[in-house]
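What TrEMBL says about this one:
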type     : residues                                               : note
BINDING  : A:A61, A:G62, A:A63, A:G64, A:S65, A:G66, A:K67, A:T68 : ATP binding site
COMPBIAS : A:1-14                                                 : compositional bias 'Polar residues'
COMPBIAS : A:21-30                                                : compositional bias 'Gly residues'
COMPBIAS : A:732-745                                              : compositional bias 'Gly residues'
COMPBIAS : A:755-765                                              : compositional bias 'Gly residues'
DOMAIN   : A:40-348                                               : domain 'UvrD-like helicase ATP-binding'
DOMAIN   : A:349-628                                              : domain 'UvrD-like helicase C-terminal'
REGION   : A:1-35                                                 : region 'Disordered'
REGION   : A:708-786                                              : region 'Disordered'
Amino acid sequence: MTSLSNPDTSNSATPIILDGRQGGPSGDGGSDSAHERLFAGLNPQQREAAEYRGAALLIVAGAGSGKTSVLTRRIAGLLQSREAWPSQILAITFTNKAAAEMRERVQALVGDTAQGMWISTFHSACVRILRREAETIGKTQSFTIYDSGDTRALLKRIIKGLDADTLGFTVAGAAARISKLKNELTDIETYARSANLSDPQEVMFLEIFRQYTRQLRSANAFDFDDLIAETVFLFRAFPKVAALYQRRFRHILVDEYQDTNHAQYSLIRELTMPIAPAIADELEAQGHHVDRMRDPLGVIPGASLTVVGDSDQSIYAFRGADIRNIVEFERDFPGAKVVLLEQNYRSTQNILSAANSVIANNFDRKDKKLWTAVGDGDKIIGFTGYSGHDEAQFVADEIEKLHAAGMAYSEIAVFYRTNAQTRALEEIFIRSALPYRIMGGTKFYERAEIKDAMAYLTAVANPDDALALRRILNTPKRGIGPATETQLGSYADDNGVSFRQAMRDAGSLGLGPKVTAAILQLAGLLDTATEMVDPANPAGASPVADVLTYLLDESGYLDALRNSRDPQDEARAENVDELVAVTREFARNNPDGGLIDFLTEVSLVAAADEIDDSSGTVSLMTLHTAKGLEYDAVFLTGIEEDLLPHRMSANEPGGPAEERRLFYVGITRAKKRLFLSLAMTRAQFGETAVAMPSRYLQEIPADLIDWKQSPGTANGRGGSQSRALNARRPGLGSGSGSSGSGSSGSGSRWNDSPGSGGYGAGGGRAPDRPKAEWPNRVTGQVRDNGDLELVAGDRIRHSDFGDGRVTAVTGEGAKRVAHVQFEKVGAKKLLIKIAPIEKL
DNA sequence: TCCACCGCGATTTTT
DNA sequence: TCGCGGTGGA
């Protein structure tokens with residue numbers, strides 16, 4: 001590694017040398033050297049940002065400019081100098097992982113003094129506030145948080161009930177519209193006032209929105225967007241409640257400010273408002289000592305606000321993020337100080353140059369140029385595959401090379417625009433025995449069996465949650481069908497009782513004896529479990545794991561999975577066991593945590609939170625998930641038109657610019673090596689379609705990229721070249737010797753044409769490849785070679801790579817790996833169990 | 001009420 | 001390609 005002048009890049013593992021405790025609790029005088037040590041190694045801009053004191057500070061932090069360092073030192077400085085108690089600090093990050101990291105780093109700087117800070121995501125912070133203040137707004141402390149799946153389930157029932165689909169309403173459409181309104185803090189009454197009631201479509205939407213709101217309320221539940229919006233409403237409706245938090249948080253710091261939406265922005269505004277004298281008087285009267293904080297007029301000044309962001313990395317406009325929040329910060333907070341961080345401590349100059357020239361094409365931005373003292377580094381590597389699989393093979397091969405050269409798998413990441421692209425990558429990675437992990441794909445907590453188990457817990461924690469009850473009513477099968485469910489629902493509505501109470505009253509509904517018994521049994525089970533978690537229980541509240549085990553056993557859910565004929569149910573049962581293990585783990589980490597705390601934590605996990613730096617695997621994720629992360633080597637795949645920029649973004653205002661930022665974010669994640677790849681054909685909807693190189697590729701200066709196989713060559717309009725390449729059958733150009741075309745890529749770029757007929761030839765290859773070669777999903781049936789025995793010296797034939805000789809066999813059982821020297825494509829590693837190989 | 005079968009539509013990104 | 005919803009028979 002080239003030596004950096006700044007020892008502290010934003011994610012480095014370098015231990016932090018400072019020990020904040022050494023200064024002792026008092027001495028302001030002696031703290032000078034501690035202070036100096038705290039800020040040692042920061043560049044002048046970073047230092048200015050960390051030390052500035054004033055009402056409002058905007059840190060415009062380019063990618064990799066060490067903003068986490070600045071933030072943590074800023075917090076540490078406030079604590080060390082005794083300007084703030086830990087409890088007066090609120091730091092908001094985008095993911096739980098970022099929050100945990102920040103806490104850790106502050107702790108490393110100042111030690112246990114850091115206890116008591118709120119460092120969390122917007123959502124977690126709001127949940128904390130809402131649980132505390134639930135009664136004020138007509139909820140109970142045990143409210144449920146509905147994730148997008150729950151929201152969809154609820155809307156589905158509502159839309160069906162209203163026959164709204166005939167008017168063209170879809171679940172996704174309604175959900176998006178409601179979400180958007182909530183992000184703009186438009187509640188149902190406000191919306192109703194402005195709605196055009198002569199439009200039947202709009203009337204119907206209003207009804208959907210109304211029912212949705214009503215059902216959430218009666219279920220004692222908030223959806224994701226409510227968490228923010230309701231907190232803002234709470235503060236606005238109850239200034240005294242707001243004042244409690246305004247008084248408490250004196251220093252508020254917000255990371256990734258460019259991705260805040262209007263609701264989040266408003267929340268920050270509320271929290272940083274000064275407290276009027278009258279309310280301050282009341283606080284004082286209630287015993288909150290605030291008089292020392294008041295100014296001569298009796299006002300408690302607003303908290304100081306620090307926001308960090310980079311408008312070039314704003315990639316969540318589709319979700320309501322408003323780039324104006326950061327662009328207009330100085331107008332919103334007059335007198336705000338602005339500090340620019342442009343020195344990059346992460347990437348090589350080549351990578352930064354590529355990033356700079358790409359983002360320069362976005363016209364409405366403040367010019368900002370990242371630079372580094374590290375040096376040029378390696379060139380960016382480009383590759384054009386014939387298909388998504390070909391591209392994936394290139395990625396796998398290059399990863400193996402990097403690994404062989406000493407790079408840890410965990411320092412390598414593969415990014416893509418859409419989750420669908422994981423299929424090809426996964427297939428190739430499995431066959432190549434490459435350890436990988438997909439971040440945020442089908443998330444563990446989104447699996448049906450996990451949601452089922454969680455619904456049992458939710459039903460116990462929040463007896464009003466009808467949605468959870470409906471979910472488990474006939475899971476496992478108890479003979480309680482939709483008709484019965486509807487009857488229970490209307491009984492509850494008619495008698496003004498909860499769904500849960502309706503279940504207890506099943507005896508008086510005139511249902512069949514079998515069904516009645518089943519319902520009563522479930523109701524009894526839940527009631528017993530509710531007693532188990534009741535803190536008033538003389539035996540004390542049972543651990544979550546025990547309750548869960550009890551529910552799963554007594555309901556027969558686990559038995560149903562274990563005795564099922566469906567082979568996938570075995571894996572599902574294992575997942576459920578895994579969930580039980582998670583609850584144990586939770587109890588270990590949170591000795592005071594109860595059922596509600598567990599449910600909250602699970603509801604708020606994000607894709608990026610799963611990343612475990614020590615896992616020793618390559619990380620695969622979408623470009624969105626990649627934000628805020630960094631890796632030694634980064635592969636950006638699928639750099640094609642209609643994928644990046646994505647086809648769906650074309651019609652949206654600002655769409656292409658946001659896609660460009662997404663590309664920019666991807667590029668700037670790379671520390672040392674960057675690989676850009678694309679394919680000439682890509683499978684979608686099961687059919688292969690022709691793909692064109694992304695327009696963004698041309699925005700990177702040609703001399704920065706070394707094309708192992710350029711779109712120009714692979715895609716040549718003359719056709720001769722591409723045909724020649726295609727003719728080179730078995731090798732498939734996968735990484736092998738065919739490189740050296742760097743020059744051809746630089747001189748004549750392919751930008752001259754879409755070349756319509758150009759490479760239909762690529763499709764010509766498809767038929768001679770038998771379908772069965774590509775196993776389906778990893779989860780489904782995969783090719784299985786059983787106990788094929790291979791030893792060094794054996795000759796084998798691979799359906800893609802041709803013939804080769806086994807040089808070694810490593811691993812055990814199903815994970816045995818053959819190291820093979822192929823005649824045409826060189827050395828490869830193959831997972832014996834599933835590789836398309838035969839022994840010769 | 002449950003299960004097997006068939007046909008169609010979908011796909012952007014996520015706290 | 002796959003997963004979902006709708007249909008029809010047991």
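The backbone N, Cα and C atoms fix where each Cβ goes, glycine too.
TrEMBL entries are annotated by machine, without manual review.
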Which entry in the list of binding-site residues, A:S65, A:T68, has its Cβ near the fewest other Cβ atoms, using 10 Å as the limit?
A:T68
Please work out the number of neighbouring Cβ atoms within 10 Å of the Cβ of A:G62 (ATP binding site), leaving out its own Cβ.
25
Under DSSP, is A:A61 (ATP binding site) helix, strand or coil?
strand
For the domain 'UvrD-like helicase ATP-binding' (A:40-348), would you mind checking the mean pLDDT of the predicted model?
89
Within 10 Å of the Cβ of A:G64 (ATP binding site), how many other Cβ atoms can you find? Include all protein chains, please.
25
Over all shown protein chains, what is the count of other CB atoms within 10 A of the CB belonging to A:K67 (ATP binding site)?
23
Based on DSSP, name the secondary structure state of A:G66 (ATP binding site): helix, strand or coil.
coil
Sort out the sequence-distant neighbours of A:A61 (ATP binding site) for me: same chain, 6+ apart, CB within less than 8 Å of its CB, listed by position.
A:K67, A:V70, A:V308, A:G309, A:D310, A:L341
